[in-house]
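This structure is in structure tokens; I'll ask about it shortly.
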Amino acid sequence: MPPPTSYQPTKPDADDSDSDLEIDIEELDPQPTAAERRAPPIALRTLRMGGLRRGAKRNAYGELGRSRDTGEEDAAALLRDDEGGNNPRYSDASAAGGDEAPLLNEHAGSGSGSSSRRRRRSFTGDTLRIGSLRLPSFMSGTTGADQGNNDDEEPEKEEDDPSASRLVAVGSAQHIRFPPNIISNAKYTAWSFLPVTLYNEFSFFFNMYFLLVALSQAIPALRIGYLSTYIAPLAFVLMITLGKEAYDDIGRRRRDNEANSEAYTVLRFDERGQAGGSIRPRKALKSSHVRHGSKRNIPRGDRLSDIQEEEEQIEGDGSKQFLSSHVTEISKKSRDLKIGDVLKLTKGQRVPSDVIILKCFSNEAAVHQEEEEPAVQGESLLVDHPADPKQAVEESGAAEGSSNGETFIRTDQLDGETDWKLRLASPLSQNLPVEELVRLRVTAGKPDRKVNEFTGTLELLPSRQDAMTTESFSTEDGTAKAAPLSIDNTAWANTVIASHATTLAVIVYSGPQTRSALSTSPSRSKTGLLEYEINSLTKILCFLTLALSIILVAVHGFSNAKDNIWYIQIMRFLVLFSTIVPISLRVNLDMGKSIYSWFIQRDPGIPGAVVRTSTIPEDLGRIEYLLSDKTGTLTQNEMEMKKIHVGTVSYANDAMDEVSTYVKQALHLVPSAGQSADTPLTTPSSTHASGTNVGATRQRREIGSRVRDVVMALALCHNVTPTTEEEDGRTFNSYQASSPDEIAIVKWTESVGLRLAYRDRKSIVLESTETGRTVVKVRILDIFPFTSEGKRMGIVVQFYDKLQPGIPSTGSGEIWFYQKGADTVMSSIVAANDWLDEETANMAREGLRTLVVGRKRLSAAEYQEFSARYQEASLAIGGREAGIQAVVSRYLEHDLELLGVTGVEDKLQKDVKPSLELLRNAGIKIWMLTGDKVETARCVAVSSKLVARGQYIHTIDKLKRKDAALEHLDFLRSKTDSCLLIDGESLSMYLTHYRTDFISVAVLLPAVVACRCSPTQKAEVARLIKEYTKKRVCCIGDGGNDVSMIQAADVGVGIVGKEGRQASLAADFSIEQFHHLTKLLVWHGRNSYKRSAKLAQFVIHRGLIIAVCQTMYSIALKFKPEGLYKNWLLVGYATIYTAAPVLSLVLDKDVDEDLTNLYPELYKELTSGRSLSYRTFFVWVFVSIYQGCLIQGLSQILTEVDSPRMVAVSYTVLVLNELLMVAIEITTWHWVMVVSIVGTFLMYIGSIPFLGDYFDLKFLLTLGFYWRVAAILAMSLIPTYAAKLIQRILKPPSYRKVQGI
């Protein structure tokens, strides 16, 4: 890694052998009548060439002007700390009356006989500097490492108390140990993995059952066969399950590691003396013998060159020698960031921790600053400089951060809001040089989850050491300054820098203490609904086993004989019948889950899909409620102007070309010749005049005039600032604003011919996109920003008639008031009309976000009267807001000329409309939970077809009273076909006071839209639906604000967003587009559930049938608990002889993918759980009892009861019966199924010669063996298959119906 480069590299200095830091006054101006006693030296800064404060180079000369009595005192003074407050001899000029005051006072003191020596500070007691030079550690007793924030060996630190507020020293090491800045979605640690996973496994009944069965074999009286027969399967099951959990968690850790390894630029603040190469070698002071008499004659030209050389030296180094630190840029991984680190963030970067913004400056500002610096040398030479170097460096910071301290952030990953948020640097830190940031200390409150609130304090202290202490400083004596901090000075983790400016910010909360992490619930192990269903079925099987064992012992008689104790007999029967609860069930299901996960991740129709929790793919087929985020999930968060209506005509799509034609005609007032101060500009009046085109009809002229007026209004009435971006070496124009709607409108005005070229707080300049010339220039007189309460924004502008410099007088240019806003508020502000309500309703039905645009012309007298009243209202102490609004309403907001209505579309993700429709037809109820505004949520709900055309939307917002809350619920009960739109405030009231009432009504509605939701509210809604309905809930989102909701859901799906991967990392399934969800649920979810249901039933059937055979055998042996199939036969039956064909059922499918999309109702029937229900379970139990009784009974009848011949016939029929039952149940054949069935059959035939310990091999070569096997097999299978065919004819399943269409 290359060495870190200096943040502000200093220029190398030439070795200047003749320049002195000090020159005696006699050397500058020799006096022939000099006194015997030499006058004390006068600092050259009293005669210094002025102007060094220009730009960012406001130099303070500090100690250069301090007096010296001896050479020893010269060194001491030069080494002394800049802050002269502790020594009256070196007091501030502000306290002493000027730069000369210390020198004159000292001179006077000397003249009166006072001692010229002053008490000096101890060299060993303090940390001393020459500008920034520090003493070696062996003299000062303080190591430099203690001051830095990159210590390898940190001293013992106090643990952080998360319930207390904190002091953060900016850019320095902290005295308290804070948690590391690590993202963790892992479920386990190295220590918790085994205990937690084993607990989860044995919390399932059948795992605990098999554990007890296996342990029972350690008791000799209960042992049946080999101990490994029971231990090995259980160990194998646990190894498979633990391996899957470990694999999934390692994958999560690997993905977390990617996020934690993201590199960030951090500013390292070293002590000036430690920065290698940063401190230029200081020349030695003039020796003592030169000072005391050995003066040489110096030509005047040389004296002037000394002054100039010293000036250049100071100019090059300037106030840097008094700065508190030396700054270099280093790269740190996200996990290595610590509290107090200062980050350098640029556009598009994700904020890794909760930070306080310290400085914002643009690249343009830096270039501008560099261009100005050479002018310093030409300025006046006799301007004084401040005596206090700290004062100088504080003043010098303004130019360095010549941006106004503003930056924009995107918070859609945190709270779901689409609007950009304006964030500000505190003026206290914005005006500091970067090197002085280490003197800042932040006081912040305890960590909490309130993303919209923050209260803190920023303090500027005398030194870095003071900032690192916990002592309080008074601001009254001027030694410290303080400024309040609010939410406007923060950027929370997972927000994204949206501005082009470089932002410096200090970390105040890290890792698990960030707002984002506190709003996220911890990861939990998820278990599928199928697992719980099988667990309950297992309990039934276990009860049957126990009942059967007791019945068999009871029939034989309860005996206490030595070799026939009744309870031991019951225990032995329980062990014999343990196959009824098949341990291989878990193995088969877990292997099936892995195969389903493999299918999902390899599906070309879902590129980029990742299965992060491979234990719940079957739940994808049981979803009944889908909770979706809006921003980035349903929408792209990209706005586009789609339609504009000007009263008599509407323009959209290709018709926008006609708008461009009208605009070009309006801009032809500007002559083609070069522009000058007398070049006329376009104003609303001139626009009207230009509409009189020869040959055009009167109606067309009127329409053209209206179009030009509305385009000009939209190009002026906004808060957008134009910027330039560079990408791949290509520069292009861009815009930044808090609202993406406004950016979309300004981009549209550019596309039709009117570009926003320049904007500051006082003026706006518009250019023609065709000619590139300035066509409109206005002065901004007043601006009324958009608020969620007002729902409108306005601007008062004064038009320039000509392209002249300076500000026009109030009476010379036209003054217009422009306003745009929601139709609900603008309809009462604009003049009477007959089309506004109809057109806004039409656009709203299309899902467009509508804005009504109006204007009003003001005379100079009207504006002056308004301005005076407005100023008066803004100074009122009480009722200020109401007073201001009253003035605006009285003078401006009435009878506006209605110009037009705009329709802006929030672009939906690809195929969102058909996807939502398909999911709705599949029986899934869809809720949209977003942090965005009510109007935005309504528009997206309509445009995405979440709400059907014409469906009534019942809105509940800003609910305050409990009785009103109940009234809304009563209304919804009577109108369950409506859609509910509710805001976060109202939702909070319902969740607090009427949880059950609210959810009982809400689940009946076809769609619910909740807006202004916090992350915790989203998670709470998901949990509430789960608790009340007991149905499967799926949550999908793409941002950090969706993580809690995703983790609270039964199935969490994360979309890999543009700005972050927090949601996808925390989710069970990760996809790239919302429309991939339909295939994930309707195809993969359906298949996974149906396959696992069939697989589970077959495994239960396989275990039951062998248990029934064992029962028949025990009855034949007069109820003795002896094993029928022992050792290898028992193990082989559950593994190599039947495992592969049964497992191949995971490849079965009843319908093609196209049919599942064409008939999503096929998915709806899965939610009832009919594929694996008590009904189907008992059907399989009956089949197992029938086949087991028949196979074992006929085998015993056709051969002798207790002989190898009977075992051979019975076991062979049992294996072939299972293979053929699999073949009967297959709907769609796959080559793997054929191979597994045929291969298993051949494997069984091939293994028969090795089964001589169990079979009579000679009997197997006779014809009697084959006819017995064939007869028993036919009687077992034919009735079963016939019953299935009859049922299929009488009551065909749904998939058969759609296949027959």
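Including glycine, each Cβ sits where the backbone N, Cα and C put it.
Just so you know, TrEMBL annotations are computer predictions that nobody has curated.
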What range among 187-207, 565-585 does TrEMBL record as transmembrane segment?
565-585
For the feature transmembrane segment as recorded in TrEMBL, pick the matching range from 985-1006, 1095-1116.
1095-1116
Summarise the domain 'P-type ATPase N-terminal' (175-227) as counts of helix, strand and coil residues per DSSP.
25 helix, 2 strand, 26 coil
Please work out which recorded stretch in 230-247, 1095-1116, 1128-1147, 1172-1194, 1264-1286 has the most C-beta pairs separated by under 8 angstroms from the transmembrane segment (1231-1252)?
1128-1147
Can you tell me which parts of the same chain pack against the transmembrane segment (1172-1194), counting only residues 6+ beyond its ends and a CB-CB cutoff under 8 A?
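Tertiary neighbours of the transmembrane segment (1172-1194) are 530, 533-534, 537, 540, 1092-1093, 1096-1097, 1100-1101, 1104-1109, 1111-1113, 1124, 1210, 1213-1214, 1217, 1268, 1271-1272, 1275-1276, 1279-1280.
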